[in-house]
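Everything on this sheet refers to the single structure shown next.
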Amino acid sequence: METILEQQRRYHEEKERLMDVMAKEMLTKKSTLRDQINSDHRTRAMQDRYMEVSGNLRDLYDDKDGLRKEELNAISGPNEFAEFYNRLKQIKEFHRKHPNEICVPMSVEFEELLKARENPSEEAQNLVEFTDEEGYGRYLDLHDCYLKYINLKASEKLDYITYLSIFDQLFDIPKERKNAEYKRYLEMLLEYLQDYTDRVKPLQDQNELFGKIQAEFEKKWENGTFPGWPKETSSALTHAGAHLDLSAFSSWEELASLGLDRLKSALLALGLKCGGTLEERAQRLFSTKGKSLESLDTSLFAKNPKSKGTKRDTERNKDIAFLEAQIYEYVEILGEQRHLTHENVQRKQARTGEEREEEEEEQISESESEDEENEIIYNPKNLPLGWDGKPIPYWLYKLHGLNINYNCEICGNYTYRGPKAFQRHFAEWRHAHGMRCLGIPNTAHFANVTQIEDAVSLWAKLKLQKASERWQPDTEEEYEDSSGNVVNKKTYEDLKRQGLL
């Protein structure tokens, strides 16, 4: 049986070897997306083992059962030599009873691990399960979520490629449509995005990500700035109307002289019923003189049917909004996969059935050749990779202007490669969301505007221009005096006050 100190030594050795293997794994160059994903999963498995070993080691150092202390006292006491020979005797006795016991050093286990990485088996090359549509982590497969979305009540009917462009624009969906069925759709979409992220980016700490999303969401929810969920104002019955000082009135008849509208406004300010005749309103309002709202008869107050279940509805809305917040974050993380999915679906729709079959056969043969050759792709100019995972031709790279980078401050300093992607992004969700956060409509006036300061100044200029073009009755409305002279409204009013007409 291993001693406590030997267990601690073995755990320390395993931690160091795990750190060494993880460092080598991360430094190894990955030639394909499949290699990158498999490498990340191997690294995560070693990280999990590292955390498990660290936990075991901490428990041994805590020594809650006192065994470590007893062992230290035994080997450091006055009879240390007797303890040494006693343990040596136990070891010899063990090997006498088990003469064929094989002990594999830890170094051999880790060497086998490195060999398995350099020469992976067929099973090791497919560490994660992906659908055919997902292309081993290259594309998203949102067909089930799409079917769920188009079957929602009152949802607009759209095709799959349009859904890929707008499925994260949840802030555009009216609050009235965000019911229990909509919540189930969000849960389904979020579950897929979380599972896909776990498969494609296994090193992403989703617990830490959840805490970050929750903290940001709580802050925005309290401030009423979360997209699609503006802060609800309180009931009109508690804030509408104007209070009236009743100390200046000695009877309800005096109140009646104020008229129906003024009495209604005062009753609304107190949350009381505001209907009835002039006398009834005056009597109802006068009955509150010198009394607190708590002491008034409950029959005097207006019934607000919306107040029932308000707290429950608020909690339900908050749960739905939190699901949306998580979806926004995961879509941001999977932005590259989403863009590639959109292009892949477009390309498939533009091809005939025969061309699609040929493409699938080519992909199968290429994947087989990649597995056989496993060569590192030569890419000295750092060109973008095509749909086949290989660098695109340099002439095509220059033709599309992909060597030119465009930054957009409104999109959070996001970088777009090439003029085509840059021009297209003005109509996409990221730029539209940035403009919405600035409180500016994303119209044609703001095409090619990427700086926040430029957009704000242009919006102020447009508002001034619209204000100057607005019709002004004082100077533009015309009147005719008794002599037949045509003058504007302001001049006419001045002449009328002076009695010159």
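Cβ atoms here come from the backbone N, Cα and C positions, even for glycine.
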Query: Among the residues SER76, SER234, SER299, which does Swiss-Prot list with the feature phosphoserine?
result: SER299
Task: Based on what Swiss-Prot says, identify which of THR43, THR310, THR352, THR475 is the phosphothreonine one.
output: THR475
- request: Consult Swiss-Prot and report the residue, out of SER54, SER155, SER235, SER257, annotated as phosphoserine.
  value: SER54
Statement: As Swiss-Prot has it, zinc finger corresponds, among 182-213, 406-437, to residues 406-437
Query: Which one of SER250, SER295, SER468 gets the tag phosphoserine in Swiss-Prot?
result: SER295
Field: Annotated residue, phosphoserine, per Swiss-Prot; candidates SER121, SER292, SER482
entry: SER121
- request: Indicate whether SER121 (phosphoserine) is helix, strand or coil by DSSP.
  value: coil
Message: Restricting to the chain of SER121 (phosphoserine) and a gap of 6 or more, list residues whose Cβ falls under 8 Å of its Cβ, or answer none.
response: none
Query: On a count of neighbouring CB atoms within 10 A, which of the modified residues SER54, SER295, SER299, THR475 is highest?
result: SER54
- prompt: Hey, how far is SER299 (phosphoserine) from SER54 (phosphoserine), Cα to Cα, in Å?
  reply: 68
Field: THR475 (phosphothreonine): secondary structure state under DSSP, collapsed to three categories
entry: helix
- prompt: If one measures from the C-alpha of SER54 (phosphoserine) to the C-alpha of SER295 (phosphoserine), what distance in angstrom results, rounded to a whole number?
  reply: 65
